[in-house]
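Colleague: So TrEMBL has the following annotated:
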BINDING   GLY7, LEU8, ASP9, ALA10, ALA11, GLY12, LYS13, THR14, GLY53  GTP binding site
BINDING   THR14, THR31  Mg(2+) binding site
Amino acid sequence: MRILMVGLDAAGKTTILYKFKLGEVVTTIPTIGFNVETVEYKNISFTVWDVGGQDKIRTLWKHYFQNTQGMN
């Protein structure tokens, strides 16, 4: 299942992603482009796309929606 995380810069998308993946809060830097991680939960595998939120990147968000089953 593919999950897409989009939102304004410094909103906490990457922090949430790695809290799900690692079970702990990690120090992050601004996402340039995107991060993709596989997260397992109750025997379900999620591919989570964390897309940067800077103003210049927002125009590209529409290209990530295809084949997405969930958004955050």
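Cβ atoms here come from the backbone N, Cα and C positions, even for glycine.
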Colleague: Rounded to the nearest angstrom, how far is the Cα of THR31 (Mg(2+) binding site) from the Cα of ASP9 (GTP binding site)?
Modeller: 8
Colleague: Does THR31 (Mg(2+) binding site) have same-chain partners at least 6 apart in sequence with Cβ under 8 Å from its own Cβ, and which are they?
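Modeller: Expected: LYS13, THR14, ASP50, VAL51, GLY52, GLY53.
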Colleague: What kind of secondary structure is THR14 (Mg(2+) binding site) part of, going by DSSP in three states?
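Modeller: DSSP call for THR14 (Mg(2+) binding site): helix.
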Colleague: Could you say whether, by DSSP, GLY53 (GTP binding site) belongs to a helix, a strand or a coil region?
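Modeller: Note: GLY53 (GTP binding site) is coil by DSSP, not helix or strand.
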Colleague: Restricting to the record's GTP-binding residues (GLY7, LEU8, ASP9, ALA10, ALA11, GLY12, LYS13, THR14, GLY53), give me the longest CA-CA distance in Å as a whole number.
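Modeller: This binding site's residues have a maximal Cα-Cα distance of 12 Å.
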Colleague: In the same chain, which residues outside the set GLY7, LEU8, ASP9, ALA10, ALA11, GLY12, LYS13, THR14, GLY53 have their CB within 8 A of the centroid of the CB atoms that define the GTP site?
Modeller: THR31
Colleague: Might you list, by sequence position, any residue in that chain lying six or more from GLY7 (GTP binding site) with a Cβ less than 8 Å away from its Cβ?
Modeller: LYS13, GLY53, ASN72
Colleague: In the three-state scheme derived from DSSP, which category covers GLY7 (GTP binding site)?
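Modeller: In the DSSP reduction, GLY7 (GTP binding site) maps to coil.
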Colleague: Counting only residues 6+ away in sequence within the same chain, which have a CB under 8 Å from the CB of ALA11 (GTP binding site)?
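Modeller: Those within reach of ALA11 (GTP binding site), by Cβ under 8 Å and sequence separation of 6 or more, are GLY53.
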Colleague: Run through the Cβ atoms and count how many others sit within 10 Å of the one on ASP9 (GTP binding site).
Modeller: 13
